[in-house]
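Novice: Below is the structure I would like to discuss, written out as structure tokens.
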């Protein structure tokens, strides 16, 4: 059974995540004191129910040692996983402005911006040990819920899930990436008027890139690098490995290469997911 601990900065989507987990059959508790986690787990162990608990600055333990002690006292039947949600500073400010809610750390002497920064410092111990960090800056409520369902329900027990995601540098680097590869030096289909409106998922774009030796070399060397270190990553008790491939706009080269890498590791029996940030954004 899984004990999913959901944390993150206020406004990043913890309530949405908790509702999505509840829909997946998790027993969800909002803001349970950390010291009570073992008691909750023991209560649910006999019922064979996975649990999800949110932790934020309101119920953060006074020291990291208290959190570690709670984790060590969990029943053996439970496997703890820490999900940390985040968003860029401007997005958090906009969300608070839209909802007109008060930040948990806001006060007469502390602005919203300062409260967000202070919260980041307080939550850093949890962020640093997270199994999965998700950037929700460009996600809608439904996209976040669907992403969690896909990743959690698609994950096989104790197996590393490899996530290959394409992005455009002009939109910013994904903060949830473990590795970032820049492919802006490769031949660009954008300069072919016929290929410009297409994406890296279309066959003419794939054929264009497939004609270039440097594209083949990059894919081969990147997958060789990942294969070299994958055994150590798999034994490092982590659930996800996110590999981000970036080109200028996130439409052609990065999409094609992310798909090629995903197909390769999928053919080797790995648990693989692919995501294309720019293409998904264009659909909304």
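All positions are counted from 1 along the displayed chain.
Cβ atoms here come from the backbone N, Cα and C positions, even for glycine.
Features from Swiss-Prot:
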- 8, 9, 10, 11, 12, 13, 14, 15: ATP binding site (BINDING)
- 56, 57, 58, 59: GTP binding site (BINDING)
- 266-284: region 'RNA-binding' (REGION)
Novice: Determine, for the ATP site, the additional residues of the same chain whose CB lies within 8 Å of the mean position of the CB atoms of 8, 9, 10, 11, 12, 13, 14, 15; present them in sequence order.
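Specialist: Counting only non-site residues, the set is 56, 85, 86, 87, 136.
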Novice: Same chain only, sequence gap of 6 or more: which residues have a CB within under 8 Å of the CB of residue 13 (ATP binding site)?
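Specialist: For residue 13 (ATP binding site), the qualifying residues are 85, 87, 136, 139, 141, 144.
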Novice: Is residue 8 (ATP binding site) helix, strand or coil when read with DSSP?
Specialist: strand
Novice: Counting each residue once, how many in the region 'RNA-binding' (266-284) are helix, strand and coil under DSSP?
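Specialist: Within the region 'RNA-binding' (266-284) the tally stands at 9 helix, 6 strand, 4 coil.
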Novice: Please report how many Å separate the Cα atom of residue 56 (GTP binding site) from that of residue 8 (ATP binding site), as a whole number.
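Specialist: Computed Cα spacing between residue 56 (GTP binding site) and residue 8 (ATP binding site) is 7 Å.
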Novice: If the GTP site is taken as the center of the Cβ atoms of 56, 57, 58, 59, which further residues of that chain fall within 8 Å of it by their Cβ?
Specialist: 31, 55, 60, 104
Novice: Select the most exposed residue of 9, 14, 58, where exposure means the fewest other Cβ atoms within 10 Å, treating these as the binding-site residues.
Specialist: 58
Novice: If I take the alpha carbons of residue 59 (GTP binding site) and residue 8 (ATP binding site), what is the distance between them in whole Å?
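Specialist: Roughly 12 Å, rounded to the nearest whole number.
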Novice: Looking only at C-alpha atoms, tell me how far residue 8 (ATP binding site) is from residue 58 (GTP binding site), rounded to the nearest Å.
Specialist: 12
Novice: I want to verify one value. Collapsing DSSP to three states, which class is residue 57 (GTP binding site)?
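Specialist: Coil, per DSSP.
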Novice: Provide, as an integer number of angstrom, the distance between the C-alpha atoms of residue 10 (ATP binding site) and residue 57 (GTP binding site).
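Specialist: Per the Cα atoms, residue 10 (ATP binding site) and residue 57 (GTP binding site) stand 9 Å apart.
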Novice: Would you count the other CB atoms within 10 A of the CB of residue 12 (ATP binding site), including those on all shown protein chains?
Specialist: 26
Novice: If you count the C-beta atoms lying within 10 Å of each candidate's C-beta, which of the binding-site residues 10, 59 ends up with the smallest number?
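Specialist: Selected from the binding-site residues 10, 59 on minimum Cβ neighbours within 10 Å: 59.
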Novice: Cα distance, residue 57 (GTP binding site) to residue 9 (ATP binding site), nearest Å?
Specialist: 8
